[in-house]
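Okay, structure first, notes after.
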């Protein structure tokens with residue numbers, strides 16, 4: 001049983017591990033972060049102009065004024081369906097439009113009515129319509145408090161750190177003649193009425209990092225807002241960082257940074273930015289779960305402070321004993337380089353509610369084809385077709401199942417993507433057909449940079465249609481990446497995304513077949529000769545600077561690729577696309593991986609909270625296994641016979657659980673509920689729980705330290721029971737359990753009260769197992785009851801959206817196992833049937849009978865192992881479509 005269900009991806013590197021930190025900025029080296037962080041709490045210059053307030057049924061607007069420079073902002077407040085509130089702040093009348101993030105929200109959120117409860121010269125009170133929820137808007141200084149009853153759930157600008165750097169004309173340049181014609185009496189024209197903000201600071205109009213110069217024609221445009229969370233000690237989210245799942249305070253160091261970058265050999269337990277960014281923070285205590293989704297795609301820094309930071313467990317206990325009335329509080333401050341403030345406040349109150357709220361905004365995890373959940377074999381690079389065939393044969397020879405083999409950049413013709421090396425991969429269709437005959441597949445890398453070469457058709461077409469990212473002077477932006485001199489398609493342009501999607505058609509991607517899937521790497525974008533190994537911020541995407549859209553680039557690349565694979569199948573097949581860079585909403589388009597880590601125990605350990613943090617932000621399909629070209633080969637049979645046997649056992653166990661994992665992905669896709677959870681939200685680094693809706697069916701305690709002979713696992717729920725899935729030994733919940741371990745054991749437990757479907761006939765790939773029978777593992781709870789589900793469709797098409805599937809609930813109570821249809825309007829035909837039912841924690845029956853609809857009762861054979869209370873019922877012979885008792 002693998003510790004994390006989805007693709008496990010650790011990039012295996014050799015040599016001394018250390019990121020070159022000098023290649024990447026600290027907050028002090030980022031002018032806007034340094035500027036904003038220098039602001040003093042409690043000195044907010046902003047007040048609300050209550051006389052400008054307008055309230056419709058679903059929207060409140062009013063102006064805010066900065067009393068220091070007289071610049072006016074427009075506040076918009078919305079109550080959203082599903083217990084959410086949206087706060088937008090923009091310049092009232094900016095010199096030019098500011099960037100607002102498109103395409104991330106699945107739709108414009110549905111609003112609900114608000115009503116005015118009271119108003120005076122100090123502020124207004126609005127009803128949010130949910131029980132006793134209301135918003136208190138204080139005028140001087142401006143502040144928002146969201147309350148329920150007498151409890152403050154969240155406060156905005158309570159520390160006075162709202163900042164909005166307005167667009168302005170540079171002092172040492174001639175004023176815009178058009179601006180001079182404007183009516184000077186108009187108070188909202190910022191360039192005309194704003195008082196001087198004082199001396200321009202270094203980095204406001206131009207910024208240098210190493211040898212790179214970032215011109216800023218729009219000047220300083222940073223925004224900032226603080227949020228206070230009373231009663232909250234623990235916050236999570238804002239991936240991607242190689243850190244614990246619980247976010248740390250940043251008062252004595254750098255804030256957490258969200259700025260997608262290619263960070264080779266990244267540092268552990270660090271707030272440094274990595275490959276992807278999801279600006280969602282989840283706050284949790286015993287009473288409520290809330291969240292803040294900061295919809296901004298520019299470089300962003302997140303400061304976190306807490307009044308309990310630094311207190312030991314003893315100190316907290318002493319406070320309790322001494323009757324301290326200090327309430328825990330966490331403060332979160334967002335600082336972004338450009339754009340507007342667009343914040344969604346998710347009010348839960350339960351974790352399930354919060355994740356459904358976020359999913360309603362950005363979408364759920366795409367429903368992956370079942371074969372993508374199997375084992376993947378990947379390295380940089382398999383040498384040629386013969387090498388691929390030899391590795392494929394090796395899995396058969398050693399009886400290890402797998403579904404995908406991967407090819408990195410060396411398979412291409414001179415790093416021209418959508419091509420094959422004419423010498424090493426001269427017959428790609430023959431290679432793909434050989435894999436297809438065994439019901440296996442291949443993933444090829446297609447990176448989003450294009451070799452600049454006049455004979456390369458893709459480059460010629462992008463150039464002729466003027467679809468490359470531009471430099472600040474209007475010419476095509478060029479960088480350096482794997483092909484050498486490289487152009488960067490403007491994926492923010494829908495026309496470029498459409499062109500890219502068309503490239504996956506079989507007649508354009510020569511040598512491709514339907515069992516070829518795609519890996520988008522380097523999509524931060526990675527620019528070897530760029531600042532911080534990425535694109536310079538003053539590059540242009542149409543009217544917008546790259547600084548505005550940076551964190552969206554990888555999102556758009558994966559979107560276009562996924563659409564291309566769907567188009568090539570005529571809209572029939574679900575794609576598998578893995579990307580390294582991502583943003584909020586990337587879950588709709590496929591899987592991600594955790595990038596260039598190394599094969600060491602500490603990196604194995606950190607991958608768990610990294611994937612948990614991704615899961616909290618909706619990206620559930622996380623990781624794979626990969627190896628650097630300079631490392632020794634790592635096929636499973638190259639580590640000695642004993643290790644080969646261990647790997648075989650683990651991979652085969654993974655395949656037996658595929659029906660269960662696939663079912664969980666279906667639930668997550670439909671509802672937004674998480675696939676993996678930490679046992680304790682406060683201390684989730686060491687534990688993973690598989691969670692089905694509100695139930696916890698599998699608990700895994702990963703072993704992440706070398707040479708350990710035992711671990712202590714916490715089994716949650718004092719009224720629960722847990723069964724070791726290997727020995728079937730029963731354990732009570734609500735305790736720490738000492739567990740001896742060896743190199744061949746990973747502690748895995750099934751929750752009493754759950755039913756898990758498995759397939760025990762493991763074959764060479766998941767597709768070969770499609771029609772194989774099921775075994776139901778029924779783990780009885782304290783009341784001798786259990787329930788679970790089984791979901792079946794064709795495994796790879798969108799036909800499930802046409803109700804072509806089977807979805808049944810299975811229950812056991814009063815010694816009767818029964819099933820009911822959960823989708824009466826669905827239909828599907830399967831050859832699979834139940835060949836075995838294993839009941840854990842059972843007592844020996846006198847007989848076992850089967851009663852199926854329209855058939856006579858029949859007696860079934862069974863075996864009972866009294867030593868572990870295990871009842872095995874063989875060959876009930878029931879097709880999964882049939883109703884039965």
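In case you wondered, yes, glycine gets a Cβ from its N, Cα and C as well.
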Among ranges 173-203, 204-234, 235-265, whichever one TrEMBL labels region 'Disordered': 173-203
Summary of DSSP states over the domain 'Glycoside hydrolase family 31 TIM barrel' (625-663), given as helix, strand and coil counts: 25 helix, 2 strand, 12 coil
Secondary structure composition of the domain 'Glycosyl hydrolase family 31 C-terminal' (696-756) [DSSP: H/G/I, E/B, coil]: 0 helix, 31 strand, 30 coil
The domain 'Glycoside hydrolase family 31 TIM barrel' (366-623) [mean pLDDT, rounded to integer]: 97
